[in-house]
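Here is the structure we will look at, set down as structure tokens.
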């Protein structure tokens, strides 16, 4: 008799994805972040659902409904802080996941990579509309500043912004629709995740050596299930330390003041997750150029397969590109720091230099380094 998991129509899918999946025998802990992102998504959907049971998306009651959740609902404070800090953990895992993809050349799996970029953009959109919901000062002004960027689009900009707002400013209609978007987007993300996995399992996973691993595969279960479980436990431990000891360390104190359209906070800072893109946005004086650069900062990832000039797949055995890669990571951290600083010298200058460096590394330095390495390889063969 054959095993049920291999014959049952539903269990067969699970079996081919998580149990009998042939996996490279040498993938490192950097490959754990895919499963961690799945856990983050599940945690966010569950906590979000419970928050939505008590939240009201009306300008007059939104702020007090969040207060009510924290004060009166059983473990409401816990659910809220898991949701808020879970989002930060989600983005940390996302950036590590993308960084690993760039380092080990996973972008050669085109469909998987492109869906990953769409996932990144969708997650950023979800985080943005979610940040508006508590209706604090930062929520309101963040929404105003970011939606206003669309007014830079020639001819239709202003009309487009007013259409998104549902009026002439961020108001009741905006909050209600943002809540609707925030509710639906995670399910769209879940669907995209399944497509992401579908395309990944067509080709199989990449591995640290960058070589074809078809001759050396092991079953996903028990080897990687137990490895992923360790990752999940570590993730949940870090998340719970954040939630229970430092719940507000990644938040903004301004968001504890109810939204007031009449006075703006000293400086509106975007959510911690998208700060590097925000700094690139602020580095360009013209509004349209800034919006274009903001989009490009993420969309440039789509060009990574095309910009790949190397003969070898990953960066494991490419020291010159490795150095440039780590400069790139340091530069990203600088951009993230600048994004949280006020718009004054020397921060603006540092931001502009870091922004130029961001694009220069991806478009010029990395391909050149790869070509030089190819030439060195030819010399030694």
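One-based numbering along the chain as shown.
Cβ coordinates come from backbone N, Cα and C, glycine included.
According to Swiss-Prot, the transmembrane segment annotation covers 33-53, 77-98, 113-133, 178-198, 226-246, 288-308, 320-340, 347-367. Residues or ranges marked as heme b b562 binding site by Swiss-Prot on the basis of similarity to another entry: 83, 182. The annotation heme b b566 binding site is assigned in Swiss-Prot to 97, 196. Marked as ubiquinone binding site by Swiss-Prot: 201.
Positions of Swiss-Prot features highlighted on the structure.
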| residue | record | CB count, 10 Å |
| --- | --- | --- |
| 83 | heme b b562 binding site | 21 |
| 97 | heme b b566 binding site | 20 |
| 182 | heme b b562 binding site | 22 |
| 196 | heme b b566 binding site | 21 |
| 201 | ubiquinone binding site | 14 |
Stretch contact, the transmembrane segment (226-246) with the transmembrane segment (320-340), Cβ-Cβ under 8 Å, 3+ pairs: no
Maximum Cβ pairs under 8 Å to the transmembrane segment (288-308) - stretch from the list 33-53, 77-98, 113-133, 178-198, 320-340: 113-133
Tertiary contacts of the transmembrane segment (33-53), as residues 6+ beyond its ends and Cβ separation under 8 Å: 69, 79-80, 82-83, 86-87, 89-90, 93-94, 96-97, 100, 182-183, 186-187, 189-190, 193, 228, 231-232, 235-236, 239
For residue 182 (heme b b562 binding site): DSSP state (helix, strand, coil): helix
97, 196, 201 filtered to the binding-site residues whose C-alpha is within 10 Å of residue 182 (heme b b562 binding site): none
Tertiary contacts of the transmembrane segment (178-198), as residues 6+ beyond its ends and Cβ separation under 8 Å: 17, 37-38, 41, 44-45, 48, 52, 55, 57, 112, 115-116, 118-119, 122-123, 125-126, 129-130, 132-133, 143
Candidates 97, 196, 201 (binding-site residues) - the one closest to residue 83 (heme b b562 binding site) by CA: 97
Rounded to the nearest Å - Cα separation of residue 97 (heme b b566 binding site) and the residue listed as 'ubiquinone binding site': 17
The residue listed as 'ubiquinone binding site': secondary structure state under DSSP, collapsed to three categories: helix
